[in-house]
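Taken verbatim from TrEMBL:
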SIGNAL    1-21  signal peptide
DOMAIN    62-405  domain 'Peptidase A1'
ACT_SITE  D78  active site
DISULFID  C91-C96  disulfide bond
ACT_SITE  D289  active site
DISULFID  C325-C360  disulfide bond
Amino acid sequence: MSRWSWVFLFHFALCLGTTLARVSSPSPFKFPSLQPGQLASNNTGPNSYGISPVSLADDGTYYVVLQAGEISFRAAIDTGSSDFWLVSTACDTQTCSAVPRYPLTYASPTFVSINNNATTFALSYADGSSASGFVAREALEVSNVTAPNQAFGVVTNSNVTLNDEVSGVLGLGFPRLSEIYAATANATPFLASLSEQGILDYPILGLSLTRNSTGTLALGAIDVSVVQNVSEIVWNDVVPFSPIGTQTNTSGYMYWAIHMTNFAVNGSELTPIPTYPGPTDNSSIALLDVGTPGLYGPYQDVTRLYALFPDSRLVDDSGQWAIPCDSSATLSFSFGPGNTFVLQPTDYLIGPTEGNPDLCLSWPKASPPSADGIDWQLGTPFLRTVYSVWSYGIDYNQPPMIGLYPLLNSSAPVESPAFVSSFFSAASATVAAMLPNYILPTPTFTTPPYAFNTSVPATLGEIVLSELATSTYEPILVTPAVGVNELPKVSDAYTLIVTDAQGDVLTSTYHITQPSVVLGLPPGWSGARTLHAPYVGLGIPILAAVCAGAWIL
């Protein structure tokens, strides 16, 4: 038998019998030398940490493949919300019927009804879309980590636009932001459930976003195939908020938000002007939001930012600006002394306009004042330039923090106009927009009353008991960077070393890819069964049968 036949058999066996190996050192994992037909052992324990591919949908949404019970779905990941929901077969709206749905006719052994499905929820989004239904419980597995009895929204009515067979949203925020948590006892959101129950090896998640399907979501660990030096992660305390009205008598965490100290164009720094300087310690608050495919800031900041771009202009009443496509400038944000994160033109330019291809629409857009005091919303254009680590915090010991690891060299030369033009040409990124032939005035707004009860103080770095991870965790990030090397590590890159019958050593490096699964269909229905290696990126999908009507990933 040839060595390539041995490699094929090894791959086949690996697909059937193993899951992604976790690593404890920055170097890629290496299987031991294998004899033909010998499998590398999987010596990792369940429910500690894991890693999954993250893919970019056509609408700018980032999603992962997860399992609700025995059923696989694509779900958009979102740090700006806290609820996990899936459209169900009880929802027959146009948007629901276009994607795989949770089958209510399937008696999942891990499905648990709450109040005979009479506990309802309703979610609404900034674009006017909404989703509603009832609350239930199901075993939720993401990145090889399982949250048993996870409360989730079973959507029975929705007009939320879903693309690329994405069936719902996996909210990764705090309980205070959850509609399901407010309506149901003991219904903490997914990341809170893992952290409060001590399921994760450490209460963190790591996120790498790319412009394709090569990103990763790591639960309980950081992806050291991206982070080359963990000591270079910049840690920022998450901002706590006072209660709304009289809902509680304590402050707490609500958003994955941090203080922004300045922003700059080509190194010309500007200090943010907070909308509510008193309640926010005279600092602007920036929400880091995976669910937002853009950058947004207040008019008082965005107007000054674009004044540093020659020939920039406000082009519509939604706060959209356009600048010359040949602008050669960096845009940067800082969240502490010396901690500057740089965006190149291809990071913040949206694309040339159809009516005037010399002008490009650009991020950030300007927003009217928000009563919650969130001035800046930094979505995926920013988060693609960093590896982000979201530390949930530990009761009695450690506040929530966001770690940012820069992926771009801050001293790198600015991208040339020729490079930017080539980038947009290759991406076919022309924006179908006609710009007005006159200068638009900057609008003015009335600032709404601050939404929170400031008689209950909220102090940066405070530890809110019972809302954070279980105190059985040993704190690693009590002081930023102290003990950071002890954080659990995982890698999406691994090396296979195979010795064939002739004694030749074959070495191949792989990256995890989305698993080959049937979407929205329980295994065994209509005789269909999908054989796959979840979280192993051999690129060899193995399907034993395809069920009629099934969604195949």
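Residue positions begin at 1 at the first shown residue.
Using the three backbone atoms N, Cα and C, a Cβ is placed for every residue, glycine included.
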Closest of the recorded positions to C91 (disulfide bond), Cα to Cα, picking from D78, D289, C325, C360?
D78
D78 (active site) to C96 (disulfide bond): how many Å between their Cα atoms?
19
Tell me the Cα distance separating C96 (disulfide bond) from C360 (disulfide bond), rounded to the nearest angstrom.
35
Given the active-site residues D78, D289, and counting only Cβ atoms in the protein chains shown, which has the most within 10 Å of its Cβ?
D289
Stretch-averaged pLDDT - the domain 'Peptidase A1' (62-405):
95
What same-chain residues, at least 6 away in sequence, bring their CB to under 8 Å of the CB of C325 (disulfide bond)?
L349, P352, P357, D358, L359, C360, P417, V420, S421, F424
Would you mind reading off the Cα separation of C96 (disulfide bond) from D289 (active site), to the nearest angstrom?
24
Neighbour-count leader, CB within 10 A, disulfide-bonded residues: C91, C96, C360:
C360
